[in-house]
Amino acid sequence: MLLPVPLLLGLLGLAAADPTVYFKEQFLDGDGWTERWIESKHKPDFGKFVLSSGKFYGDQEKDKGLQTSQDARFYALSARFEPFSNKGQTLVVQFTVKHEQNIDCGGGYVKLFPAGLDQTDMHGDSEYNIMFGPDICGPGTKKVHVIFNYKGKNVLINKDIRCKDDEFTHLYTLIVRPNNTYEVKIDNSQVESGSLEDDWDFLPPKKIKDPDAAKPEDWDDRAKIDDPTDSKPEDWDKPEHIPDPDAKKPEDWDEEMDGEWEPPVIQNPEYKGEWKPRQIDNPEYKGIWIHPEIDNPEYSPDSNIYAYENFAVLGLDLWQVKSGTIFDNFLITNDEAYAEEFGNETWGVTKAAEKQMKDKQDEEQRLHEEEEEKKGKEEEEADKDDDEDKDEDEEDEDEKEEEEEEDAAAGQAKDEL
């Protein structure tokens, strides 16, 4: 008798474990978030977050999130959860970001802090474990940060991961695995992956150049050399510019007044430029010398690069020039499949309706602008007609006054006679 696979795995104790959700925040309970999220008091002028679904959305309630509300401000807000270590298990960090303000410069990333963080004093120099998410500033910076704190030093990824820079909601996912590999996804599609050791400078290089090795003095690494049998032709050297043979001294040229006449110069058609001997293959060429490498005595492998003793706080510690960014659908779990499913059930469900609403607003705005432009032209034409009528009335009035003055003058002349 064949047993179903799930039942068989269960009997063998091999059934997949349920996902562990360490932190999840969707802001579905109105102002309840204010009890879970703590504002830092490190600076008195930190920007304020408000709960909003923005100017356009797929679902007004489901799409509500934390929105930055003040321009040119630093922001510092965090939420605490039960501490856990990712040692021996996968870590997945996921959230959505929406830059509906068409952001010009500002962060859209999160930071994961250890349990020792004082949330009321969180600031830009507070030590964190991981920083992940988009950062935009002008046309030159549109990247996804993936920064790990390793032995007290913040280490940046060696690759450039481009972030989304439009006005719609996007899903960002970071996966860190116990085999020291990682994956970055945007909108549930992989955009980067690889090895932690290869893509970050956590460790000294495995190999270094042998300090005792040097290129031999007789090593010839010239692939081409001058042909020793080649010589410059006798008629090669010609001046680059010559007097114009067709130029003539003007007839009215006065040498006492104008000085000695000199014809203008022109490009010499026989000028050949600098002579260089032709190149031939170097018979002594040995190739490019490669510096020999040796094992780096400073290198020591670390199988626990990925692991942290504890995570306990998720924070939004960032700067924005133009406010309006909305953060939502935060998730920290140990299950990649669950995170993907959660993303599809949140961002995935509302993204199409969000775009439809934005497209409708854009179309309405376009029609409104066209109508305003049309009204402006009509008013301009009406003003022009009014000015023309006014000018005609003034001309008629002037003609009438002139006629009256002429009649008065004629009457006065008649009386004098």
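Keep in mind that glycine also has a Cβ here, set from the backbone N, Cα and C atoms.
Among Q26, Q94, Q361, Q365, only Q26 appears in Swiss-Prot as part of the Ca(2+) site alongside K62, K64, D328. In the record from Swiss-Prot, residues Y109, K111, Y128, D135 bind alpha-D-glucoside; the candidate from D295, D302, D317 listed for the same site is D317. Looking at 194-197, 274-277, 278-281, 414-417, the range annotated in Swiss-Prot as motif 'Prevents secretion from ER' turns out to be 414-417. Around the Cβ of N179 (N-linked glycosylation site), the number of neighbouring Cβ atoms within 10 Å comes to 10.
Comparing Cβ neighbour counts within 10 Å across the disulfide-bonded residues C137, C163, the minimum falls on C137. In this structure, the CA atom of K209 (N6-acetyllysine) is 24 Å away from the CA atom of K159 (N6-acetyllysine).
Reported as a whole number, the C-alpha separation between K48 (N6-acetyllysine) and N179 (N-linked glycosylation site) equals 40 Å.
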